[in-house]
Amino acid sequence: MTPFQLQARYQPMGDQPTAIAQLVEQVQAGAPYQTLLGATGTGKTFTIANVIAQVGRPALVLAHNKTLAAQLCNELREFFPNNAVEYFISYYDYYQPEAYIPVTDTYIAKTASINEEIDMLRHSATRNLFERRDVIVVASISCIYGLGIPSEYLKAAIPLEVGAEINMREVLRQLVDVQYSRNDLESGRGRFRVKGDVLEIGPAYEDRIIRVEFFGDEIDAIRYIDPVTGEILQSLDRLNIYPARHFVTPEERLEIAIAEIKEELNQQLLTLQAEGKLVEAQRLEQRTRYDLEMLQEVGYCNGVENYARHLAGREPGSPPECLIDYFPKDWLLVVDESHVTVPQLRGMYNGDQSRKKVLVDHGFRLPSAADNRPLKSEEFWEKVRQCIFVSATPGDWEIERSEEQIVEQVIRPTGVVDPEVFVRPTEGQVDDLLAEIQQRVRRQERALITTLTKRMAEDLTDYLSDRGVKVRYLHSEINSIERIEILQDLRNGDFDVLIGVNLLREGLDLPEVSLVAILDADKEGFLRTERSLIQTIGRAARHINGQAILYADRMTESMEKAISETERRRRIQLDYNQRHNITPQPIIKRSSNAILSFLEVSRRLNKQELEVAVSQADDLSLEEIPNLITQLEAQMKEAAKNLEFEEAAQYRDRIKKLRERLVGRH
């Protein structure tokens, strides 16, 4: 029996039931690779949710960036509210890797800002993979980087049970061993505090506090409590406290690692000296010996990840353990937008190694630092037992691996068909486009226009704006949050036309868009390939009046294939609608987003009130500031819960400033 409980307001429709049945059958038959070739708007995520629910195995859903991962995570959480749907992306708000530029003799130290909320979600994912079967982890490509050794992480967990005889001091020692720190003034993630016979622990994997009550040398009660109100949320008989960091090194392994690092250092010094690199040798010796002292004294040093191979006891060149190694053997991989995600997997290793080689050659790191790396593409696929690729335009690599196991999903549950495609000459294209836009504006519909260059997009934006069109330009410098706000404004009718160079990125499945215009469609290249054209045309595939206009003076092979595929799908859809007497219905999609929803907007109004209070903190009494901090903490946790990490970080910074003021005034 499956541990997943799928909840949806609707049943599979169109060719979804067939697709679900085929995918489930092949997974259960042991097929290593399959491809779900699903047209835009056909409900591919719902299909995959049904497959996961029926197969009943832990699943990893891989997305090519963190914004798309957040959207998928929110969708799957709606389908599986009673199961563990986890979010695993890089926990850095900011990351500047260590680097050296030989030409200018410039060394750049690693600088990073870790987002505590994302780190908590990463720990939540690994913890649930050990404790549950009903787990779906939605991850970005960062999941192929090293993540400690699962067996050591599990071995280091501290079991606590009501009635167990254990001295509180022993529990405190164990907590310190797994990298929790004592702070009797303030609780929080990765910290613990003691009040008499009560121990409060802030686990690394959730925002609730664990309260352990002792009676002498016996555990009397274990409870979850609210970190803000102190309210008891749940009483437990037993639980495990997992380490505060994924990288856990037992003391005996640390001693062996230090000896291995010393041996490698001596060998590398001889090599550098033999090559006449005396400055590099001196630099390496000074840096490494300092790191060794830190490891011996506190078990940690800055840049400790560069010694990961020794600390983990791996062989030179062997792949690091990563998130995949935390899954059980029968796990299922789903690669979303595989035509983008699969090539990304190939590129991660090479970029990392070129930077590390320069650091090693110039005496900043030992050669073993190169083994602190992401998985190579072939190493990743060796770990995968079963995989479903999901894309409207899967790549050749995915098609070849899937062989005959390609499942097509063309019919939309709403009956909406693929857009009509027209090819028009470039002469007079701007005036023709203006007339088409004006028609859409009168019908309160929206339009997307894609150009080949940034300059052309800017000029076209100015031209249309001068003629009274409400238009915006989406360019690469806009960050994820601003981008989503612009898309929300387009949906809400604040403007009618969106222009950009690359409109293939996430978040552009907009039901209000009835026109997609592709300028210079006959210029072969990255954004005018067959797959790119199909994807771009598909942006109008959610509207009952969808049309795509390709402005070109000749018919390229890519155009011909893209138009042919779109027309093939359109014929299938029209035939299905006619046979089943279906009238296409407009997609009614609430104007919300995984990152920016109506609830988020209303919460921002409250945020403005809090901003005023923060700005006037100097005028508040000592009794009022803690209350303000409590409100901000609640807002921060709500933001993090909704995957609004940038906003959560802003709350965190304001809380920090208020605490500094509070301490200063004491």
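Positions of Cβ are set from backbone N, Cα and C atoms, glycine also.
Swiss-Prot lists motif 'Beta-hairpin' for one of the ranges 19-42, 43-66, 91-114, namely 91-114. Note on Ala39 (ATP binding site): other Cβ atoms within 10 Å of its Cβ, all shown chains, come to 25. Per-residue pLDDT, averaged across the domain 'Helicase C-terminal' (429-595), gives 88.
Working note on the binding-site residues Gly38, Gly41, Gly43: by count of other C-beta atoms within 10 Å of each C-beta, Gly38 ranks first. Same-chain residues at least 6 positions away in sequence with a Cβ under 8 Å from that of Lys44 (ATP binding site) are, in sequence order, Leu36, Gly38, Val390, Gln409. The Cβ of Thr45 (ATP binding site) has 18 neighbouring Cβ atoms from other residues within 10 Å, across all protein chains displayed. Annotated ATP site Gly38, Ala39, Thr40, Gly41, Thr42, Gly43, Lys44, Thr45; additional same-chain residues within 8 Å of its Cβ mean position, judged by their own Cβ, are Thr47, Ala392, Gln409, Arg412.
Counted over every protein chain shown, other Cβ atoms within 10 Å are most numerous around Thr42 among the binding-site residues Thr40, Thr42.
In this structure, Thr45 (ATP binding site) is part of a helix by DSSP.
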